[in-house]
Amino acid sequence: MSNESTNCSFFLNLFMLLLLLIFYSADACQRECGGISIPYPFGIGKDCCLEKYYEIECRNTTSRKLVPLLSFINKEVVSISLPSADSHFAYEVSDQERHESFGLVRVKFPITSAGCFNDGKESGGGSKMNFTGSPFFIDRSNSLIAAGCNSKVSLMYIKPKMVGCELSCNTSKDSYSNSIPFVEAGCSSNVLPYSQDQGCPEEIAEETGCNGIGCCQASLPNEPQQVIGIRTENNDGNSTTKVECTVSAFLTDEIYALPKATKTEHLLAKRYATVSLGWVIQTSNRSFLDSLALACKDREDYRNTTNLERKCTCGRITISETSYANCGCTYGYTGNPYVLNGCKDIDECKVKFEYCGKTETCVNFEGGYRCVRDKTKAIMIGAGTGFGVLVLVGGLWWLRKFLIKRRITKRKKKFFKRNGGLLLLQELNTREGYVEKTRVFNSRELEKATENFSENRVLGHGGQGTVYKGMLVDGRTVAVKKSKVIDEDKLQEFINEVVILSQINHRHVVKLLGCCLETEVPMLVYEFIINGNLFKHIHEEESDDYTMLWGMRLRIAVDIAGALSYLHSSASSPIYHRDIKSTNILLDEKYRAKVADFGTSRSVTIDQTHWTTVISGTVGYVDPEYYQSSQYTEKSDVYSFGVILAELITGDKPVIMVQNTQEIVALAEHFRVAMKEKRLTDIIDARIRNDCKPEQVMAVAKVAMKCLSSKGKKRPNMREVFTELERICTSPEDSQVHNRIDEEEEEEEEEEEVVTTINRGDSWSISVTAPALSIVASSPSSDVEPLFPRLTW
């Protein structure tokens, strides 16, 4: 028993080895000839094919081109295809129809003709195609094509008994209708030009591809045919004249459309037509079929079972009463079923056809595919929606920001125009060559420098606005003057300050760094003067600054006089400050004076001696002659400087209260009265009385008296004042102090003096004995506000 078992195992292993040799025999053979693939069971040479019917001869032509020939019929091969090779991607067909397809080999057959003459001899008729006993048959993809005149072409040896078409070159309507191919109703399901089989009582016209006069075609029946002949009959029985190339008829798998083609020499010049031959496997090849049975499943069993693991199936088919085998790859596979593992999986997810819906993901597996609803797609859709909403919100936010920025830009342009930007440009252009380029700051830069104009940054309040301390991005400390809300009538004052400061380049005048006109109220940027204003150092009660001794005060007076002298005579055009006061005198780190606040300044031409304007100024500093005439001259600045000299000498504010009375008088009047009564020592500031040089103080006091003269003509100009004060300051000995101005006691003025009487009351009002003129004054504090009175006459 064991010996028999051993023998069976041996023969089984030997049989499997032989099968493997059979299947892999093709691998060692040439599989291409002339660029045409030669799949198994075909092969080049006897040892590389299944049997003689599949032998291919690779012949070298005269043009040195390799041409494959099917040795069995000695015809040139155009292509060889495997079963189902063209149907695996046509997934709309059923599995049964797919596996009933056959392998095809396309070969070249000569075009046959009848009734043609070449060199005086009539060419032979068409030959019969006979593949009986071979594994080949004529595929139904071929058609009968006929071209010529007055002929009837039909196929022989097929069922139904007669299939063909008629040719006519007559252009009449009746003859044209006869040339159209037709099929008899109730006969074949295939569209045939005509049939004369029994049971087909009527003929129905059916248009086909070649339906013009002189051309017709007919389709083959569905059943595989191994024998086909072509018969041509002449329908023109009365004609005795032979015409050249009457009929050309042939089988081909190509498409022809030859309307009105009556000359067949063009077809004969082609010499051949391609014909598709189906091929199967003869059942006499038992060993080969048995080997296929191990790899492929029987087709009937495959259709009746749910086990679809096999990659290929084989079935039997009868052709001309002979049984053949036909194999093919199963659904989901493609390749050569006649080679071991020749059927390969199709990746349906990579083909162009969409198998799954938009919300599904295609997943390929061996022999098929499945559509999986992607759970991540919902997340992706949600994320995409969220991202879209985010983009939308971001877009709206950006649009809002853009619109706000655009609105701010328009507002800035509006403010620039309203704040006199155009006027400033015009003024600067008219003074081109004399005006240094002024930097234009943007509002954001100044907001950042002043911490958004914080109250903690306020340095002081002036007549035209508030001054803030700020720091620029480059580290420079600046003073930002933010003007008050002003009407268009006051814009000229602001622009005037910018233009004037742009012209000035003097060490004792505050330097203008730039301006900003794009805000609701205009702003100026000055250099920052660290020690504040002169008023604070002289008049604040808690101030006992030792630096404000007489020597420092005298030097400050010289600095102020030098600056005013420069403005009146040395600048590009004379400039009248019009608001000289101690709060507008700033002290730097070395306590050197700098003149500031040019908001009410005016520039005049050289030939002008005064400027007629509405009265403006600060109580206690305004020239009384200016009150009367409304004409501001350089001597008006001299008068205001005289008040500052009186402040430096006495330490009193420009408006003082008379002791033991309710009256408030101007310091200028009080100083003049004391000088006339020779009581200077009584009014000298107690803080400098013991330290000063009396001769210097007296000399400066006499200069102040001249500056405070009620008549402008009797006042010296600022150059004379500066020269005199500088000489007083630099005199090494007290005996050398000499007043250039006459030291003789002035004659008592004949003209009517303007006497200022200030009654102290709840309203702190001031009445001035001037022609029908009244003004309102601010409280005498460190925050002295300029007044803008108007003449009422």
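Glycine too: its Cβ is placed from the backbone N, Cα and C atoms.
Positions annotated as topological domain 'Extracellular' by Swiss-Prot, on the basis of sequence analysis: 29-378. Marked as region 'Atypical EGF-like' by Swiss-Prot: 312-371. Annotated disulfide bond per Swiss-Prot: CYS314-CYS327, CYS349-CYS362, CYS356-CYS371, in sequence order, evidence recorded as similarity to another entry. Per Swiss-Prot, the feature active site, proton acceptor maps to ASP579; the stated evidence is sequence analysis. The feature phosphothreonine is assigned by Swiss-Prot to THR613, THR618.
Rounded to a whole number, the C-alpha distance linking CYS362 (disulfide bond) with CYS356 (disulfide bond) is 6 angstrom. The secondary structure of CYS362 (disulfide bond), as reduced to three states from DSSP, is extended strand.
Proximity of CYS327 (disulfide bond) to non-local residues of its own chain (separation of 6 or more, Cβ distance below 8 Å) is seen for PRO83, ILE281, LEU292, CYS296, CYS312, THR313, CYS314, GLY315, PRO337, TYR338, given in sequence order. Reduced to three states, the DSSP call for CYS314 (disulfide bond) is strand.
Considering only the recorded positions CYS349, ASP579, THR618, the residues lying within 10 A of CYS356 (disulfide bond) on a C-alpha to C-alpha basis are CYS349.
Note on proximity: among CYS349, CYS371, THR618, the recorded positions of the record, the Cα nearest ASP579 (active site, proton acceptor) is that of THR618. Secondary structure at CYS356 (disulfide bond), as computed by DSSP, is coil. Between the CA atoms of CYS349 (disulfide bond) and CYS371 (disulfide bond) there is a gap of 10 Å. Note: the CA-CA distance between THR618 (phosphothreonine) and CYS371 (disulfide bond) rounds to 93 Å. Around the Cβ of CYS362 (disulfide bond), 17 further Cβ atoms fall within 10 Å across all displayed protein chains. Set side by side, the disulfide-bonded residues CYS314, CYS349, CYS371 differ in how many other CB atoms lie within 10 angstroms of their CB, and the most is found at CYS314. Look at THR618 (phosphothreonine): DSSP puts it in coil.
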